[in-house]
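Only one structure is covered here, and it is reproduced in the block below.
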């Protein structure tokens, strides 16, 4: 096994996957004082993402995972913005090379990570899985419910996103999206049963991402829940500025409901694509935690 390095500042990172998520991630990294993108890696040198990266002076490669076999010693961390199927191939190679990974696919290889909940507690992990967009939006709420309520019989999350924000990888990974989101919800809330639903809304003009959490609990305690939400929601907003509570928490017939909306900052993607923005923001928040840890060593 390799070194799993933590570099001196800034952290030397690479992006694997040059689609919408990878390109938006690149623009966000350009603003970070703790991260430097030293490679933008995909399969097509003529993709729009590669063209954008070259215009920013970022080194590009169309060698895909093979690039890291040849240049792994230069890189501290890789963001994998490909697909769940591809990450199953990439993960063992990157581990053997000793490169840390933040996985933006629903592959479930690494530890599931929600920055507002876990933050620095997972920094010894070599692979962090950023769950899904719906998972990032709902998990802070599900965790707060699990921490403050009694037994949770059932927890359901419904996320509605604009159809135009769901690219090929999102549509290809729908089954993995459901399974990964449900697993994260169960782990964080302790619910006996969980269900995740994703709605692709074709409405024009495009809607912002909207996520609702429903939880059937014994003896709901709204005061305890509101107190913890007043802590975890600002922690989420610290890295996702467009994360806002739209409704609740409220109780109806023993069922707690909370709704949030997520609006993106409009780097490479439209502002309505909050579903893509939130997972990128979460990934960068964790990469910056790695960088801070390196600075303290």
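Including glycine, each Cβ sits where the backbone N, Cα and C put it.
The active site, acyl-thioester intermediate feature in Swiss-Prot is assigned to 133. Shown in sequence order, 159, 161, 209, 275, 276, 278, 279 are the residues of the chain, 6+ apart in sequence, with a C-beta less than 8 angstroms from the C-beta of residue 133 (active site, acyl-thioester intermediate).
The NAD(+) binding site feature in Swiss-Prot is assigned to 18, 19, 20, 21, 165, 166, 167, 168, 169, 170, 171, 172, 173, 275. In the three-state DSSP scheme, residue 20 (NAD(+) binding site) is classed as helix. Non-local contacts of residue 20 (NAD(+) binding site) by the CB criterion (under 8 A, 6+ apart in sequence, same chain) comprise 49, 167, 268, 269, 273, 276.
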Could you measure the widest C-alpha to C-alpha distance across 18, 19, 20, 21, 165, 166, 167, 168, 169, 170, 171, 172, 173, 275, the residues recorded as binding NAD(+), and give it to a whole number of angstrom? 18
Just counting, how many other CB atoms are there within 10 A of the CB of residue 173 (NAD(+) binding site)? 19
